[in-house]
């Protein structure tokens with residue numbers, strides 16, 4: 001056996017032991033808090049005074065903006081953050097659970113508790129960290145209160161159906177609880193979710209005074225959070241990331257702007273076996289047997305602002321359609337236009353779900369802590385890379401994912417610790433790549 005073949009054999013023996021997910025011995029790692037403020041558009045801090053977000057950027061890292069995954073919905077984008085996968089690869093393709101066979105469709109809050117919707121093959125960072133010896137927590141974060149391959153998050157809280165997302169007093173109480181998890185329960189990773197400014201942006205629109213006032217509340221909460229970190233003596237041991245799932249745009253409401261299926265010439269719902277419409281700018285359809293070509297030909301030019309595709313023709317750049325849960329026809333509309341189905345039931349002033357390349361869908365990224373450089377502004381990046389960064393901060397070996405560990409590496413101070421196991425996997429993967437070319 002040649003020298004290269006021997007090295008390859010050794011690498012193949014060692015590598016599986018490094019990625020089995022079992023507990024590993026590591027140096028003391030810093031803790032990590034990931035905070036998401038739902039629907040915080042990338043430029044919401046430009047028309048409102050945000051002293052706490054500003055000071056966080058001065059003391060840490062700020063991205064010009066972050067590009068979310070498509071489709072720009074809450075649950076799919078949040079799951080991308082904790083799996084590092086594009087939505088077609090992690091399978092949480094919509095805010096709503098749906099079953100195309102029995103026609104069941106469940107709203108967002110009910111879907112949060114549907115285990116099989118989330119546990120469909122991808123392992124989120126909570127479970128990966130726990131399998132490598134850490135405790136984790138999820139406070140209201142989408143996907144954090146179900147089990148994955150039978151394993152639950154160490155500490156978790158889920159909001160109720162009628163939860164008031166605007167209560168600032170409760171926000172502070174939630175921060176207090178998370179601080180206790182870190183200090184009293186020795187949790188290493190927590191994901192903390194706030195439903196604003198998304199709810200306010202939907203109701204009043206992203207350019208409204210109400211949205212601006214809510215951003216001020218968000219900023220006050222960031223200040224309270226950072227003060228809490230200091231009070232609990234976590235400044236030197238806790239890395240903090242503040243981000244979001246997507247942005248928000250103003251809905252066009254003139255009669256000439258409406259995308260209304262029930263008014264399309266030659267279209268009839270009698271040709272449709274399953275529909276998922278009336279959810280912002282996104283839609284899915286399954287025509288009845290033998291009707292696919294007819295329905296497609298009617299819809300593809302039905303409205304200049306509507307883009308209808310057969311599943312196999314959906315733009316690959318979205319990384320969305322290649323999943324068994326995606327229907328035979330799917331569609332999205334241009335920025336500001338929402339899709340109405342049988343009747344008009346959407347009356348939001350603000351909406352998301354649009355093309356993730358539209359600037360109004362971009363969102364924020366801030367980070368501060370012992371592992372991050374100070375006063376650094378980085379170029380825009382995709383949210384799919386955040387998972388690799390978090391694994392690196394925790395010193396854990398990531399699951400297979402679509403991100404790249406080098407993209408966000410420049411944010412980190414030189415000498416920020418990687419676990420030995422993480423280093424070994426990177427080295428061995430390099431060996432395997434090189435040797436595969438010569439063996």
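Cβ atoms are placed via backbone N, Cα and C, with glycine included.
Keep in mind that this is a model prediction, so the values were computed, not measured.
Residues annotated as substrate binding site in Swiss-Prot, with similarity to another entry given as evidence: 95. Taken from Swiss-Prot, the feature region 'Required for enzyme activity' covers 71-77. For 22-422, the entry in Swiss-Prot reads topological domain 'Extracellular', with the evidence type a curator's inference. Under the heading transmembrane segment, Swiss-Prot lists 423-439.
Around residue 95 (substrate binding site), the same-chain residues at least 6 positions away in sequence with a Cβ under 8 Å from its Cβ are 73, 74, 75, 76, 108, 111, 279. Averaged over the region 'Required for enzyme activity' (71-77), the predicted model has a pLDDT of 99. Secondary structure by DSSP for the region 'Required for enzyme activity' (71-77): 4 helix, 0 strand, 3 coil.
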